[in-house]
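Enquirer: Structure incoming, see below.
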Amino acid sequence: MNAFPHVSPKLRVLAVSVAAAVLATVAVTYTVRAAHDAQPTAATSAFALDRGHLYFRSTEAGAGRVARLPLTGAGRRTTDGPSCERFHASGGTGLCLLRRPGIPPKAYAVVLDGRLREKRRIALPGIPNRARVSASGRMLSWTMFTTGDSYAGGGASFSTRTSLLDTRTGYLIKNMEEIPLTLGGRRYHSPDVNYWGVTFARDDNRFYATVSTRGKTYLVRGDLRKWTAETLRENAECPSLSPDGTRLAFKKRVRGGTKDPWRLYVLDLRTMRERPLAEDRSVDDQAAWRDDGTLAYALPGRDGRKSDIWTVPADGSGRPELLVPGGSSPAVVR
Amino acid sequence: MYLASTDAVATAAGNRRTRGRVTGPVLALGAVSLVTDISSEMVAAVLPLYFVLGLGLSPLQFGFLDGLYNGVTAVVRLLGGYVADRRGGHKAVAGSGYLLSALSRLGLLLAGGATAGIGAALAADRLGKGVRTAPRDALISLHSPPDALGRAFGVHRAMDTVGALLGPLAAFALLWATADAYDAVFVVSFCFGLFGVLLLVAFVPAGPPSPERSPGAGRAGRRARAAAGARSALALLRHRAFRRVCGAAALLGAATVGDAFLYLLLQRRLDFAESWFPLLPLGTAAVYLLLAVPVGRLADRFGRRGPFLAGHAALLAAYALLLLPTGGRTLLVGVLLALGVFYAATDGVLMALVAPYVPPDRRASGMAVVQTGQALSRLVAAAGFGAAWTLWGVGTALACAALALTAAIAGAAALLPRTGSSAPPAGARASERTA
C-alpha cells in the first residue's frame, strides 16, 4: 500500500525539496505582485467638506480613499481624500473608519473636521461596518463587527459593537448594548443583544437603529438623554432617516440563507406603513438620502468593479440608476 | 533532515522499546500537521475581514456560513475512521482529507464574492478536516511503542500548535505587506496546504508498521481488516473498557464550556485594550505547546488516567478563577495557564489513553468514535451554557458549569479503567471481551 516503496529516502527528500521550492516561488511571486499593486494609504485630503457634494469611498481611481462629486451632476470626480474603509459626513464633521494592518491588525474611528483633517482617533476592536454622522455633525455612531464573541454556542459566532460619540462634550459610549431596551412593550434582558446601523434625528437626541437578539432583528427607536430604547417593528435593518425626518429607509430580510436576502424598503413614520422600492437586487448597505425623494446605496460592481453606487426613488416608483461607478459609502453634504 | 530516516525507524518501532525517541512517522505526521495548520489558521484568521471588508458582505452572512457545517465534521470523522480501517488505507484517507482542505483555498480564490462558492469551499475544508483526523491519530498510535504513546501524541500536538500559532501571524504579515490582498493569503495558504500533502505522501508510511501487529501485511491482511471493519465501528462500544473511556470523554465534554466563552468572560472582567482580544488564544496555545510533551511523558510513566483527569481539574480552576473576585494580571495569567494545561493534559493524552483499548485493525474507527462523542457533547455543552447565560446571567451559568464539571470529573474517575498506562497490544486483545 506504500505509495512509492521503491523510491529511496534520498530521492524523496530531493523531490519534496524541489516541490517546496516551486511552491515557495509561487507564493512569493504572488505576494510580491500583490504588494506591488497595493494602494498607498493617506491621512491627508485634497479637498474639504463642502455643501452640495456627494462624498464616497472610491474603489477605482485612488481606491480606498474618499472622493467627491458635485451633486448637480455636472463636474468631475475629485479623488485623493483620506483613506477609509467606511465614510460618512454631515454638517462639517466627517467620520472615517479605517484599519491599519499589523499583528494584530488595528482599527480606528477617526473624527474629521470640516477640512477633513483628523481631530480625534479612537482605537476599536473588530472590523469597520457602519458609520453615521448626525445632520448637524454633532453626534457620531459607528458599528464594528467582531468574531469570537460566542454567546449562543456553536460556531455561528459574530457580534457587533456600536459606539456613540457626542463631539460637543467628547462623551463616548464604546458599546451601546447596555442601553435599557423595551421589546414588545416589556423590559428586555439578554446577553446576546447586538446593535448596528444607527441613524440620528435632527434634534441630536432621538435615534433609530437595528437590534438583534435570538436570531431576530428589530427596528428600535432610542432616546440619548433618557438613555432608553424600544422596538418598533420586526425585521428592519440599517435604518436611515430622511432629511425631513418623516421616513426611514431600511433593508428588510425577504429570504432566509445567504442568497439575495435583503430588499430596500421605506417606512413612513406617521402611518407606520412600509413600501418596497423599485430596486429588486439585494442591498446590503445603510442607504443614504440624496434628497428627500431619492436614496443612494452601494451594490457589488459591474464589469469587474468592486462596488457601484446606485440611486432609486424613495416612493417605490421609477427605476434604479447608476450614480457612481466604482464607489461605496455614499454621503451627501447639504 | 530527520525525515529521511522515516522508513528505517518505522520498521524498528514495532519491535524495539524506543523510550528515548519519537519515531519517524510521528515526526513526519507532526510536520504535516504543522504545515497544514499554518495553511488553515491563515485562512481562519482573515476570513471575517475578507467577508466584511473584502467582499462587503454582512457579518450576519458570515456567521451563517461559518456555523453551517460545524455539525458535519463530527459525522464525517466516523466515516473517515471506518474507511481507513476497512481498507487499511490510513494514509490514503488522511491524505485525501489534507488534499481536500488544501484545494478548498483555491475554491475561496475562485468563488470571488459568490456566497454559494464560499460556502462550498468552507464545507470542503471542514469535510477534509473531519476525514483526516482519526486516521492520522491512528497512524500516530500504530507507529509508536505502546509505552510511549503519550509522548508521541504530545510531540504531534506540540508541532500542530506551532502551526496554529504561526498561521495567523503569517496571514496578518501578508495583509500588511500587500495592503489587504486577501487573494495572496489564499494562494500562500494553498501552497502550504499542498506542501503538507506532499510531506505526507513522501514521508509517512502507508499503514501499520509491522506484520506482527496486523494479521498480515499483504492482501490477506487487507481482507481480514475489511472483515473487521465490516463488523461496524460502533461495535467497538460493546467492549467494556473502550466504552468506559468513551463515556468518560463524553461526560467531561458535556461539562466543557467553549474557550470563546471563557475569553469573552475574561475580557469583560478585565476590560483591557480590546485590540488585544485576538491574542488571548495565542497565550493558551503557547502554554499548550510548551507542556504537551512533558505531560505526555508524565502520562507514559505514571498512567494516562491521572493527567487526563488533572487536565479537567485545571479547566475547573479556570472556571473558579473567573468566579472568584480575583482580578488583573493574576486572573489573566491564571486562566490562560489553566486552559493551556487543560489542552496539554487532555487532547493528545485522550488518544494515548484510548489506543491500548482498541485493536490495531480498528484503531481509526475507535479514535473517531471517542473524538466524535467528545465533540458532540461539547456542542451540547456550549449550547446549554449559552442558554443558561441568557436565562440566569453569567455568574449562575458559570457556577452551574463548575458544578457540572466537578460531577463529571468524579464520574470520569469512576469510569476510567485503572489498568496501567502502557497496556501492551495483548492487553488490548484481552479487553475485547464483551461485558
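Keep in mind that glycine also has a Cβ here, set from the backbone N, Cα and C atoms.
Note that TrEMBL annotation is computational and uncurated.
Bear in mind that the values here come from a model prediction, so they are computed numbers and not experimental data.
Reproduced below are the annotations present in TrEMBL:
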DOMAIN    B:25-420  domain 'Major facilitator superfamily (MFS) profile'
TRANSMEM  B:106-124  transmembrane segment
TRANSMEM  B:161-179  transmembrane segment
TRANSMEM  B:185-204  transmembrane segment
TRANSMEM  B:245-264  transmembrane segment
TRANSMEM  B:276-296  transmembrane segment
TRANSMEM  B:308-325  transmembrane segment
TRANSMEM  B:331-354  transmembrane segment
TRANSMEM  B:398-416  transmembrane segment
Enquirer: Hey, does the transmembrane segment (B:185-204) touch the transmembrane segment (B:161-179), meaning at least 3 C-beta pairs closer than 8 angstroms, sequence gap 6 or more?
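Expert: Judged by the Cβ rule, the two regions touch, with the required three close pairs present.
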Enquirer: Short question: which residues 6 or more past the ends of the transmembrane segment (B:308-325) have a Cβ under 8 Å from it?
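Expert: Result: 252, 256-257, 262, 265-266, 269, 295, 299, 331, 334-335, 338-339, 341-346, 349-350, 353, 395, 398-399, 401-402, 405-406, 408-409, 412-413, 416.
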Enquirer: Where else in the chain does the transmembrane segment (B:106-124) make close Cβ contacts, counting only residues six or more beyond its ends and a cut-off under 8 Å?
Expert: 43, 51, 55-57, 61, 65-66, 68-69, 72, 100, 183, 186-187, 190
Enquirer: So what's the average pLDDT for the domain 'Major facilitator superfamily (MFS) profile' (B:25-420)?
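Expert: Looking only at the domain 'Major facilitator superfamily (MFS) profile' (B:25-420), pLDDT averages out to 86.
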